[in-house]
Amino acid sequence: MSSAAADRRRAEAGTGSAAAAAAAAGEGDVGRFLAAAERMGLPGFSPSDLDTGPVSSVVTCLLALRDQFVSHDVGGLSCSLPEKVMMQSMEFPRKENDPGTQNSEGRRKIPKNPAMSEPSSPLSQTTLSSISRHAGHSFHDVFQLRQGRYSDLPSSKISEMMKSTSLDNAPTQSLLSVVNVILDELVETKIGEIPYHLACLLRKVILEIERRISTQAEHIRNQNNLMKAREEKYKSRIRVLEALASGTSDQTHVNSNATNGKAHVSPDHAVHQMKMEKDKTEDKKRLAEKDVVLLVKDKEEDVTRLTKDKEDMAKLLKDKEDIIRLMKEKEEMVWMMREKENMVSLNNGRVEDKHQLTDKDVANSAKYRNEIIKLMKEKEDSNDTIMKLNIELEAMKSSYEGTRILLDSKKKEVLQLLMDKESIEYIVSQLKQELAIERSSHQTHIQELETRAFQANNKLEQRIKEMELMLEDSKTRVRDLEELLESRSQIWEQKEIRLNQFIGLQIQNIQDLRLSSVSIRHEILHCQKRWSEEICDLGQSLKVLTNAAENYHATLEENRKLFNEVQELKGNIRVHCRIRPFLPGEDQTSTTIEYVGDNGELILANPAKRGKEGHKLFKFNKVLGPSASQDEVFKEIQPLIRSVLDGYNVCIFAYGQTGSGKTYTMTGPENATEKDWGVNYRALNDLFHISRSRRDTVMYKVSVQMIEIYNEQIHDLLGNSGSEKKLGILNASQPNGLAVPDATMHPVNSSSDVIELMRTGLENRSVGATALNERSSRSHSVVTMHIQGVDLKTGVTLRGALHLVDLAGSERVDRSAATGDRLKEAQHINKSLSALGDVIFSLSQKNAHVPYRNSKLTQVLQNSLGGNAKTLMFVQVNPDVSSYAETLSTLKFADRVSGVELGAAKANKEGKDIKEFKEQLSLLKDKIAKKDEEISRLQLQSHNTPRATAKRADSLLKHSSSSPGISSLGSKIQHRRTASGGRIKIVGSRAGSDVDNFSDISDRHSEAGSMQSVDDIQQSREIMGLSKLSMSEMGHNSVDPELPCFGYDDSEGRLSDISDSGLSMGAETDCSMSSVVELTSLPDQDRVSGTQKEQHMAPSTPKDRLHKVATRASRTTTPKTPQSPTLWPKLRDPPPPRSPISTSTGKVRVTQATSSSRNSSTQKRWT
């Protein structure tokens, strides 16, 4: 009995210790508050004043704290109110309890923490719920705005809302919605400054949210402590029950022995007594089971409550995180608005300074009245607070009395239980065995519950520690932000002061400048008037001299301008002379260059002669001295190179003796840097730069060729096989300049691509050492840039070509000491340069015949020297005395070149009509190929014996019609019918040349090609006349009987396609159509009559199409120059009538031209 009482006393002591711990926690909070108030310099109070009174010192401290926060808010509201609200929202939270938790604790009748903020008067549950509902409704009535904004509310309404208790009783979600609405209004209105009353309301709402979060955290800690106390209490009760069970089992054993001893005395009485004991035992068992059920139920309720508290805590933490995130977002937006506001405030600062003095007295009087009203309101608030505290004190006293009465009743119950123990021991002894059986199960269940509770406690403790660490971190960040804000505010204040001073000085300076400008303006007007009078007098006195000087200079300038215009219209070859500087080891004291003028004059002095006879004067477009840099050389020719992008053909070549610096001028030194680049690299770089600048209007495509002429053979320097591959030259009257179809064409997109290709070509170029130059160029190199531009707006196509020619130097064999291969190379070089001199002489004499075909070099330069191109020649001169003869020869050659008139160059433009015309021609070419394939297939089907002969005839037709690069001169194709079988026999004479002898044919016909100026319209008319004649002849005669499906339509289509191919070749090929076609047929009348019907029914679509194309070509491409004869014979005379003999034998002979007419036309063309 004594042990059970001791256990109960220990359980009550544990419960009391839990209450004491909660009270101690509350005292610890009060102590921290007093320490913080003392650091802030606020009046303090004693912790006992909260319990015993008086509370006046407490009210004084709270009022002082409020005044200090209000003063801080008023002072910093205009500049950084959002930051203050953010920092105040992150302050250390005060510990209060949540109303929902208070209600749940009231139901469990657990002693409350004295630090809780709710009233402790004994109110019923219904009363509390009605108050809560009323508070929620009042909050919605106050904060729910139907129309308008929070910023439009008056200050009195905001003050009423803040003083009411609706904030304390409002749901947390409603408070969050209020914060979001206020911030959204600020963002939508873009107001940088928050009104003071609205800021106070926002601050109070945020503080209320933080108070609830901190209250919930404190409540969870208190619940943990209470759970520990309850666990100790339950354990003590279990121990008491176990002790009671053990004592009852012993007593039951004793009673059973006594009962056995007395059984013989009174059986009925024993039975009755056993029934009574059994009933008592059952009652005790039910009570014990009830106690166990209550313990389990209490345990489950505690676990449920802890789970609910944990969920509430998580929800509150999530709400706080949302608030912090929203505040950060709003803070960034308000920061941007504040920056704008600062700019506005700077402009409005001057106006506010003016009104500040007048409004100061009014503000002081209003301030005094506001302070009086404020003090009166604070007095009323203090009285209300005192009344509330008194009510709370009375409530605490009444609760204390109730607790004491409850304690007395508990003591009585304990005594009653002790008295009842003796009577229960006998009954408990009977239940010992049953309890022993159930003990294991209950103990297992209790252990599980204890394990769960321990795990839950560990999790909660770990979470609390994490929250404490986060809270410390938040405090640290708040302090850092406060320091940063303070430093920045000081910096901005200093900047504002300096800016105001600067603005004041600038205003003063502007005023001074205005006054000065007015005075200066008057002085300038006066001076202008005086000067105008003086100038008029001076002009009259110097009129004669001025007129004479102006006439002289104007005449001189006009003569120069007219001379340049005449040179441009004549198309003379521009000649620039560059003098090579002396090399190391040469005698620099003696030179052959006597004088270099600024206008292109150069005097060459003969060291062997004195006086005027030893001096020769030359005049060129420009003379560049030895000190001229590569950049200066390029700037002289830069406008000429840029005309390539406008559709002109430009050729620049360097001429001079070996070792005079031609390769240095055109390419630059080996491994040259950008500063030492030659004309080639600089020109290409400039072209790409301009094309990129015009890419919005014109789209350019650039491709590069690089060849060399070595020993009268053309080699591709950019091909895979290096310089071993030999190439042929086509007619040089192409729109793009050079026409070397087998040379590799590389498309390029940047100057770096071209530089890489040129380096490859220079590595493949033939270079050798001679006595005059260690790296002497042994071949003529030609770099050609083909540029095609399309105007994105008009669709006009521009085609230009830039030819950069580096000629090999002329040399004397006795000086260069060339032998073997070098001697052979020198001979070819001198021969080609001699041929170039002959061409220049013929052009200067304006001879009708120019010997372009004498050398491959002149064939390459044919388009530049005698075609539609702007041409410039660099003459490289060696100033050494020993090279006087070569220098004189070079300058004489350059003088002859400068007198060559090429005619004005024209841009290569193609309109949309020409483009469509070429597309139609390409379609006609495709049709030719299809017809040829069909002919070959039909011939293979119909001719079995003469298969090879028919195949050869078909290939000749295909070659002459579709190959644009091979000419077949004077070919004769005769179709004869044999007497026995009617088979086709084809006899071809002077067939077209193949690819192997391609270069030889180019040599034979280069001269004829150079004089070719026949327009495409004349050729198309002759071709159409030929096709009409052929078709008319074939319409009256029978066709081949072995070609049943090749009727009028096919024959007309084939001839029209062949004529189209001749039209499409234009200036590229010289096809001879002087041939005799003899068509024979078998005497098969049925097939002939059927074929004639098909001829009458055949459509004339190809003929009409060809006529339409020819008509369009005549409108677009008719030149103004007189037409010259061509290799095509004119077919204006009708063919001779057929004889009866030819009719009877079925043989038809169509004579297109005689050999005499062909020879006469060819002779006219070459001359």
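The backbone N, Cα and C atoms fix where each Cβ goes, glycine too.
The range from 155-174, 955-974, 1035-1054 that Swiss-Prot describes as region 'Disordered' is residues 955-974. Each of the binding-site residues Gly656, Gly661 was scored by other CB atoms within 10 A of its CB, and the lowest score goes to Gly661. Secondary structure from DSSP puts Gln657 (ATP binding site) in a beta strand. Around the Cβ of Thr663 (ATP binding site), the number of neighbouring Cβ atoms within 10 Å comes to 27.
Averaged over the domain 'Kinesin motor' (572-900), the predicted model has a pLDDT of 81. Of the binding-site residues Thr658, Ser660, Ser660 has the largest number of other Cβ atoms within 10 Å of its own Cβ.
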